[in-house]
Amino acid sequence: MAPPAARARYIANKADNQILSKKPPKRPGLNRNNKAKEAAPAGKKKDKDAKKRNQPTSGAQEKGLPNPIMPSVQTAFKTFVSARLCSAIWAYIADCDETFNYWEPLHYIINGHGLQTWEYSPQFGLRSYTYLLLQGVPGYFYQKLFNPSPILIFYMVRCMLGFGCAVMERYMYKSICQEFGIHIGRLWLIFQLFSVGMFVSSTALLPSSFSMYFGCAALAAWWQQNYCFAIFLTAISALLGWPFAALIGIPLVLEMLLRQRDWKTFVQWTLISGATVAIPMIAIDTSYFGKLTFAPLNIVWYNVFTSHGPNIFGTEPLSYYIINGFLNFNIIWLLALQLPIMLVMDYLIVPAKSKSTLNFPHYISLAPLYLWLLVFFAQPHKEERFLFPIYPLISLCGAITVDVYQRIFFRMKSVIFKIKAGVHYLDHSMFIAILVMVTSTLLGLSRVFALYRNYHAPMDLMLELNQFKATPQYDPDVIYNVCIGKDWHRYPGSFFFPAKNFRLRFLKSEFRGMLPAYYDERQNATKVVQPYFNDLNQENEHMYFDYDRCDFLVDFDEGKYTALEPNYSKRSKDWSVMKSLPFLIPEKSHKVLRAFYVPFLTDNHIQYGDFNLLKRKTERNGR
């Protein structure tokens, strides 16, 4: 028996749940009384009951097909909001690029001081202040109106990002249910909620996360054949977010030009969208940098056309993305990778009488994922955040693969056991979907718990400085220097300082690359070209601070020491341990059990070091 088309499944579910359409589907042959009852006002309970009793059945129901239980769009949205708020509170900052390239300049915009990286130097102009202002304006007004602790601004911005991600997922969920079917929509919902990748990326202050919001919303609009809106969202994703995210829109463009031959709409809305986004963006960035600046063009030029490009920051083998994908999506990642093969098998084995999607064949609607993987897998410089824009597509392709397995299983079973016609394939194969959902959920929760236990210490440690602010020793008129050495990349940002008179300082370590420096204290600091910045990742002594002037020191004691990276916590004459928290030592821990938490087993096979916050015993200036 052929599986029902996505259209039939969608219409059948609308009749039962009344969630994706305000009007119930019509069925030929309804008598006038039934029509009158359906058209009656919804304000009276009696009329509501009559409407339910005389509810027409769809074509799928007439064939005896089951009506799958589908969470409503509103219910799905509430679950997405809950999951993303959990991410906002408990996810740690995994990428130092997020801290220094986004949280620190945002701190400068809101509080008047913060660290500046070379990408924000006017001579390079690789990052856009317009993107920061979109996140920073709410935080700026929050700070001016209520003068809260900086950490509250940090979490307010994070919650705002999580809510924005949930809005995107709501829109995408509705579109998936329409285009690919109710069953795939349900699977995608579960995979998204318990995806580690979404837990990490949904509230990250990164252009790649921003591009995920708008890029996937553009795909959802495209699947609904809302081409104008899809083009506009793609422009926002690529211009305000990450220019390389335009890659997601290539299948959309090709489908419009070659399949629909709608050149007029494409050209018209490309110009409208580009002008609407780019003109204000250029104006804002030019005012900040003090010269004509178009950041998306600059970053593309640097990464593609310079002789060194991003490879000076490190290269990784192909296995990096394979392993990273499994850590973030576990078995869903493996299922997504095999989807092209499974779709061919589905076509050959299952004799479908109707297409399984509403508007586009799979090779068009899912092309953005595999085009993205093809391009970024080939790049020597690899980072986890480069895959953020296609994370929801990984969940979708995993869900479709599960559905294909179910249909193939039912086909084989119906041939072997001669199952009678009219039986739905989900009646005999739901155990496959349940098995995948349970396994993926357990692995996802295990990974999230492991991340929190193993790597959240730096964020918790910095909050301890708030306790110092409440002591009599604290002086609001003194600048307190919080120093950090080899662990500079684990610093969560200046929003974790309790007040504006705390500064991060770098101690010289074995690291030999470019570090950030504080924005100039003069006005128009964003326009000042500093001589110590370069685009070659070369060290500059200007960034280092005098050890003897440190008031606090953050250091991870993992048992390895050098002359430049001593065990500061053992210098008991200089320092007292203010707070110490466990932090994973990867080299001394089991590879699998450090990645996934297994009760009663993980603790016996991993090892932690002490992440210390030290306070100087001898106070400066007689204090």
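One is the number of the first residue shown, and numbering goes on along the chain from there.
Placed from the backbone N, Cα and C atoms, the Cβ positions cover glycine too.
TrEMBL entries are annotated by machine, without manual review.
Residues or ranges marked as region 'Disordered' by TrEMBL: 1-67.
Residues or ranges marked as transmembrane segment in TrEMBL: 152-172 (among others). Counting only same-chain residues 6+ beyond the ends of the transmembrane segment (152-172), those with a CB under 8 A from a CB of the stretch are 73, 76-77, 80-81, 83-85, 87-89, 103, 106, 110, 135-136, 138-139, 142-143, 192, 198, 202-205, 209, 212-214, 216-217, 219-221, 392, 493, 495-496.
Here TrEMBL flags 193-223 (among others) as transmembrane segment.
Positions annotated as transmembrane segment by TrEMBL: 229-254 (among others).
Remote same-chain residues near the transmembrane segment (266-284) are listed as 128-130, 133, 227-228, 231-232, 234-236, 239-240, 253, 256-257, 292-295 (criterion: CB distance under 8 Å, separation of at least six residues from the stretch ends). If you look up TrEMBL, you'll see 266-284 (among others) marked as transmembrane segment.
Taken from TrEMBL, the feature transmembrane segment covers 326-348 (among others).
Long-range contacts of the transmembrane segment (360-378) within the same chain, counting only residues at least 6 positions beyond its ends with a Cβ under 8 Å from a Cβ of the stretch, are 179-180, 219, 222-223, 247-252, 255, 259, 318, 321, 336, 339-340, 343, 386-387, 389-390, 393-394, 396-397, 400. What TrEMBL records for 360-378 (among others) is transmembrane segment.
Beyond the transmembrane segment (390-410), the same-chain residues lying 6 or more positions past its ends with a Cβ under 8 Å from any Cβ of the stretch are 1, 3, 168-169, 172, 176, 180-181, 183-185, 187-188, 191-192, 195, 197-198, 201, 212, 216, 219, 248, 325, 328-329, 331-333, 335-336, 338-339, 342-343, 345-346, 349-350, 362, 366, 368-369, 372-373, 419, 425-426, 428-430, 432-433, 436. Residues or ranges marked as transmembrane segment in TrEMBL: 390-410 (among others).
If one looks beyond the transmembrane segment (431-452) by at least 6 residues along the same chain, the residues whose Cβ comes under 8 Å of a Cβ in the stretch are 90-92, 183, 187, 190-191, 194-196, 199-200, 327-332, 335, 402-403, 405-406, 409, 594-598, 602. Under the heading transmembrane segment, TrEMBL lists 431-452 (among others).
Sequence-distant contacts of the transmembrane segment (326-348) (same chain, at least 6 residues past either end, Cβ-Cβ under 8 Å): 191, 195-197, 200, 362-363, 366, 369-370, 384, 391, 393-395, 397-398, 400-402, 404-405, 407-408, 436, 439-440, 443-444, 447, 595.
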